[in-house]
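Q: Okay, handing you the structure first.
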Amino acid sequence: MVSNNSSSFGTIIKCWSCHFATSLAQDPCQGNPCTNGGKCVTIAPTVFSCSCPVGFTGTYCQTDIDECASSPCQNGGICTDQVGGYFCVCRQNFSGPECQNALTIDPCQSNPCLNGGTCLAAGPTSLVCVCDVGYTGNYCQTDIDECASSPCQNGGICTDEVASFSCYCPSSFLGKYCEHDIDECLSSPCQHGGTCVDEVGGFSCVCPLQFSGPACQQAVRVPDITSKLLEGSNSSLTVNCSFPGTPVGQVQTLLSLIVTRKPLTYRPGDEESELASIHIEHPTQVNLLAPGATTPAPTVITAKPSGTAAPSNTTGHINPILGSVLSLTWLSPNSTEEGIYGCVARGLDSLGHLVTLTSSRLVKRSSDLDRFRNSLDQVRQTLEQSQSCCASLNQRLASLEWTYTRQALALAHIEKNTVLAPYEEYLTHKYYTSLYPVRRFTTAQAVCDALGGYLAEIGGSGENQAVIDILKHGPKPLFPAYFLGGQDLIQENQWIWVNSNTRMNFTSWIPGQPDNLANEDCLEIWPSHWKWNDIACKRIAVDRGFLCEVL
C-alpha cells in the first residue's frame with residue numbers, strides 16, 4: 001500500500017510493501033546505497049530496493065547471513081562461516097562438504113596388538129585385541145605372572161614362563177606342583193627287620209628291640225624275657241630274664257636284673273610286683289675286670305614274694321662280656337603263675353648315669369591258651385615271611401585272632417571294668433574306652449562283641465562331640481588313635497558303619513582324608529586333631545585304642 005502526504009517540501013511516499021522508501025525526489029539508486037555488492041533496483045521514481053548477493057541480507061545488504069547457524073557439519077565436524085556459505089573442518093576418517101562420508105580405514109592395519117595378539121576391528125576407529133595365552137592388557141602388552149598364585153607346594157620355587165611356570169622341588173618331592181611326597185621307604189632303608197614309616201620329606205624306622213638308630217643300623221643291648229613250659233608228670237615253668245654282653249649299647253655297665261609280674265586284669269597305673277632280682281654285690285668290682293674277662297662278678301640273688309607264689313628255684317649271673325641272666329622256675333605250675341612278666345635291666349651309661357631298660361611283656365596264661373597262641377604265632381610268622389599274601393592264609397589268621405581274643409577273655413574271666421574304663425553315657429548308650437592297646441581292627445571288634453557291644457558308630461555332630469569328650473576325659477595317657485566302627489572295604493569311598501550296615505550320614509575327616517594310602521579301609525579318630533582318619537584294617541605298627549558302644 002502506498003499513501004501520499006503533501007507538504008511544503010514536496011511529496012513523501014510511504015511504501016509498506018517495498019524494501020525501502022524515500023522522500024527524495026531524485027533517483028533513489030543514485031550513489032548505490034546497497035552495500036556488500038548489493039544491486040540497487042529503482043522500483044518507482046522515489047523507491048528502490050537492494051538485491052543482495054548470496055550470504056547477505058538487510059535493507060542495504062548490510063547483514064552477513066550465518067550459514068553455520070543450522071549446524072550443517074555432521075559427525076562432529078567444525079563449521080566455519082564464510083561469505084555466502086560455510087566450510088566444515090572434518091574429524092579424522094570423515095570427509096565431504098558436510099563431513100557426511102566415513103572413510104573406510106582399517107584400525108588393525110598397523111598391527112597394534114603385541115605378543116601374538118589378534119586384532120579385531122570394532123568400528124571405523126576402534127579395535128579389540130584378543131591376546132594369546134599368557135598375556136593380557138588392551139594391546140596384549142602384559143605378561144601374566146603364573147607364579148602369582150603360588151602354585152608350587154611343599155617349599156617348591158616357582159619360575160614364571162611364557163603362558164606357564166615351572167617348580168623347582170625340594171629333594172623329597174616331585175610332580176608339576178611338587179605335590180607328590182617321594183616314598184623314601186621304597187628303597188627299604190630300615191635294617192635288621194625295622195619297619196619303615198614314610199613321612200613328609202623323609203622317613204622313620206620302628207626298630208626291633210635289639211637295634212636303634214635312624215635306620216636301625218646300630219645293635220644295642222636290651223633286656224629280653226622268654227619262658228619254657230614243660231608238661232607231664234614233672235611239669236615246670238621257667239622264665240628267663242637275660243641281658244646280652246656285646247655289642248655295647250645304652251647300658252655300658254650292668255648292675256642288676258629284675259623280674260616283675262602283674263595280673264592279667266591290671267589297669268594302667270597299677271603297680272607290678274617284683275618276683276626276683278640279681279645285683280652285683282660290690283659294683284666297683286665290675287670296672288676292675290680286665291678286657292676280655294669272662295669271670296662272673298660276685299652277685300646277690302633275692303626272690304620275692306615268699307609262700308606259694310614264690311618260684312621253686314632262682315639262679316643267675318651277671319657277666320658284662322658274655323651276658324647276664326636271671327632264671328625263675330616253678331615246679332607243677334598252676335593258675336597262680338598266670339600274669340604279665342617283665343624283665344628290667346639297670347646299669348650305668350658311658351657318663352656314669354643310672355639307666356633303666358624294660359623288655360617287652362611276656363603274658364603267661366593256661367597251657368591250653370599257650371598252645372592256641374603258639375598256633376596263632378606260627379600262622380602269623382608264615383604269613384609275614386611269605387612274599388605273596390595268600391587269601392586263605394589271611395582268612396585263617398583273622399579267624400584265629402578273633403577266636404583267640406574271645407577265648408582270652410573267657411579263660412581269664414575278664415570283666416568289662418578290667419578291659420575298659422568305666423562307661424560314659426550319651427542318649428542311653430554306654431561307651432567304654434579301652435585300657436589296653438590293639439593293632440588290628442578285627443581284634444578291637446572282637447573285644448567289643450565279646451562284651452555285648454560293637455565298635456562305636458557316630459550318627460551326628462552331637463554324638464561326635466560326646467565321643468570326643470569321653471575320650472578326652474578317659475584313661476591317660478591317650479593312645480595315638482582310637483578305632484571306630486566304620487569301613488569302606490566293600491566299595492572304595494563308600495563308608496558304612498559295620499554293625500548297623502548303614503551308610504554314614506555324618507563325617508568329620510582330617511583335611512585331605514580319607515586318602516586310601518596303602519589300602520586304608522578302616523576308621524580311627526586322632527586325639528591330635530579330634531578328627532577322623534582312614535587306617536589299614538590289617539596289623540599296623542603302632543598301638544591303637546578303641547571305643548566300644550553298648551545299647
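Any Cβ shown, glycine's included, is placed from N, Cα and C.
Quick paste from TrEMBL:
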- 25-62: domain 'EGF-like' (DOMAIN)
- CYS52-CYS61: disulfide bond (DISULFID)
- 64-100: domain 'EGF-like' (DOMAIN)
- CYS90-CYS99: disulfide bond (DISULFID)
- 104-141: domain 'EGF-like' (DOMAIN)
- CYS131-CYS140: disulfide bond (DISULFID)
- 143-179: domain 'EGF-like' (DOMAIN)
- CYS169-CYS178: disulfide bond (DISULFID)
- 181-217: domain 'EGF-like' (DOMAIN)
- CYS207-CYS216: disulfide bond (DISULFID)
- 426-539: domain 'C-type lectin' (DOMAIN)
Q: Can you tell me how the residues of the domain 'EGF-like' (25-62) break down into helix, strand and coil by DSSP?
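A: Helix (H, G, I), strand (E, B), coil: 0 helix, 13 strand, 25 coil.
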Q: Rounded to an integer, what is the Cα-Cα distance in Å between CYS207 (disulfide bond) and CYS178 (disulfide bond)?
A: 30
Q: Tally of helix, strand and coil residues over the domain 'EGF-like' (143-179) according to DSSP?
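A: In the domain 'EGF-like' (143-179), the DSSP-based counts are 0 helix, 13 strand, 24 coil.
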Q: Please list residues from the chain of CYS131 (disulfide bond) whose Cβ is under 8 angstroms from its Cβ, counting only those at least six apart in sequence.
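A: When sequence neighbours closer than 6 are ignored, CYS131 (disulfide bond) has CYS113, ASN115, GLY117, GLY137, CYS140 within Cβ distance under 8 Å.
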